[in-house]
Amino acid sequence: MAASSSLLLLLHCPTCNFYFDSSSYLKRSRLSSYSSIISRGSPLFVSSFGSMTVKRFSSRVGSRSNDGNEQFGALEQESFINNSSEIRKDLVTGGGIEAIVNRLSKWVVSVLFGSIILLRHDGAALWAVIGSISNSALSVVLKRILNQERPTTTLRSDPGMPSSHAQSISFISVFAVLSVMEWLGTNGVSLFLSGLILALGSYFIRLRVSQKLHTSSQVVVGAIVGSLFCILWYTMWNSLLREAFEASLLVQISVFLFAATFALAFAAYVVLNWFKDER
């Protein structure tokens, strides 16, 4: 009897339990959701024995993925900011805007000088054309005599003392100031225009140094020589040639022919050199 009852008890005890409580069901449902999320990024086979490992791995992968995205976004933003700052630096400090202004300065000054010549259209204007080109020729002669090298950073090998740009710009600026003072006299308007002309000329001259095409001494010497030559040329006209020009037709024709010859020679120089430099 005892043996039969123990046999019944053994047969009655279940060999395995198929009952799932609510907590185990929730845990397994979460495990399946985590495994499905991970399987989207990479094929991963999850077994029931590695539930805790999968949970920890999924949380780590998720956090690393988020951190990686944030770090990648931060690197992109930092790279964009650095590139923008470099572009602004190039535009401001000489690789961009100032380099463009420096290349255009000779055209701006030439247009200003031509406008003054056309507005004056008198003997002094013709005399100024001759003087401006003579001043440029003097600069070339002085460069050959002094034979001072340019800054080592520039690619140009010709002499740099004195600066031809500084000498020409100074001549034209001083002539423009003298013309304004002659037209308007000494008043607030003439002083303002004169200061504006000198400031613009000084800025163009300074660009030769900031662009490392000349040293400071080269542009200073060029500016002094150009200014003194203009004053001397202007004084020579008023004291020696003005009365002769107004009284003699031969002098008028001679000055006109000289000015036309110098102007044509300068135009040929512009075509052969300035446009080549732009290319």
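Even glycines carry a Cβ here, placed using N, Cα and C.
Swiss-Prot lists 1-88 with the feature transit peptide. Here Swiss-Prot flags 126-142, 164-184, 185-205, 219-239, 255-275 as transmembrane segment.
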Legend entry - Long-range Cβ neighbours of the transmembrane segment (185-205) (under 8 Å; 6 or more residues past either end): 101-102, 105, 108-109, 163, 165-166, 169-170, 172-173, 176-177, 219, 222-223
Inset, instruction - Output the single range from 126-142, 164-184, 219-239 maximising the number of Cβ pairs under 8 Å to the transmembrane segment (255-275). - result: 126-142
